Amino acid sequence: MHDFLSIHPEVAAALKAGRPVVALESTLISHGLPAPANLETAQAIEAAVRANGAVPATIAVLDGRIRVGLDAEDMQRLAAPGTAKVSRRDLPLVLAKGADGATTVAATMIAADLAGIAVFATGGIGGVHRGVETTGDISADLEELATTSVAVVCAGAKAILDLPRTLEYLETRGVPVVGFGTDAFPAFYHRDSGLPVDGRCDTPEDAARVLNAKWRLGLAGGIVVAVPIPDEAALDAAQAEAAVQQAVAEAATGGVRGKALTPFLLHRLETLTGGASLTANRALLLNNAAVGARIAVAYARLKQETTLPKKPPPSKRPTY
């Protein structure tokens, strides 16, 4: 095991036995959702993973150790004000200080890969921000997807982003974007961005075969499995886009950027939509967790079926 890695006994036992495990990020606790919805949702996500046959492994940094699998007390600790938001660049700094931090998509992928977890469920990936031509703001999640072999089950990229440019970036870096039950890339709060995906999977087994084919071929890097928000929870596309545009304009006027930008935008969206964005966010998180668990189950089964038997020892030649 890696020096900085601490795997919860339940997760370690599942991995050793080849049982399905789903990685979960922790920034939704510290930055993504307000209290008390943050802890309630994190626990509900873990329950959704279990209900669909897999073991949840929420990931964070605590006391300078990457923790793979948390208990309720750990989650409560992450909800404390001032918890750091940890992406790839931040991991060495937080680990070296022995500090705490909640992991983004990128950092969660790194930890999942170190632990041997193939499937990670989250709300939405980061991507190319609107106005990138002046800000240069591109999420580290995209480069992580290009290099780290973990499948990310999500409702597309966060609605605050430039979706066409995000998909172009993923195409350039060779990251397959697969629609789960859809031919269109989801737009987070609503089901159809009007942009096509690279391929479609209609069952967990279909998705598992894509994962298996890519990695058995030796192609490093992740896969985006894009799952539309449940229809009953989706927001009206025009209203959601109007709220996003207003929030982005307010951020630009206020000079909000860097790590503070996404939490600011999500908070403003909650206000501008009268709380509807928070309800939608929770619904898609739970749905993605359930789908991710079913894909993890199918992938674990497929790995067992396709694992080659160990080569028998060479037979001894008779001696005369």
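Counting starts with 1 at the first residue shown.
Note that Cβ sites are derived from N, Cα and C of the backbone, with glycine treated the same way.
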Among VAL61, VAL105, VAL119 - the residue Swiss-Prot places in the same substrate site as LYS85, SER139, ALA140, ASP141:
VAL105
Shell of the substrate site beyond LYS85, VAL105, SER139, ALA140, ASP141, same chain only (C-beta within 8 angstroms of their C-beta centre):
SER87, ARG88, THR104, ALA106, ALA107, ILE125, GLY126, GLU144
How far is it from ASP141 (substrate binding site) to GLU25 (active site, proton donor), counting Cα to Cα, in Å?
12
Using DSSP reduced to three states, classify ASP141 (substrate binding site) as helix, strand or coil.
helix
Mind checking which of GLU25, ASP137, ASP141 has the fewest other CB atoms within 10 A of its CB? They're the recorded positions.
ASP137
Going by DSSP, give the three-state secondary structure for VAL105 (substrate binding site).
helix
Set of same-chain residues at least 6 away whose C-beta sits under 8 angstroms from ALA140 (substrate binding site):
SER87, ARG88, ARG89, THR104, ALA106, GLY126
Spatial neighbour of GLU25 (active site, proton donor) that is closest, considering only the recorded positions LYS85, VAL105, SER139, LYS158 and their CA atoms:
VAL105
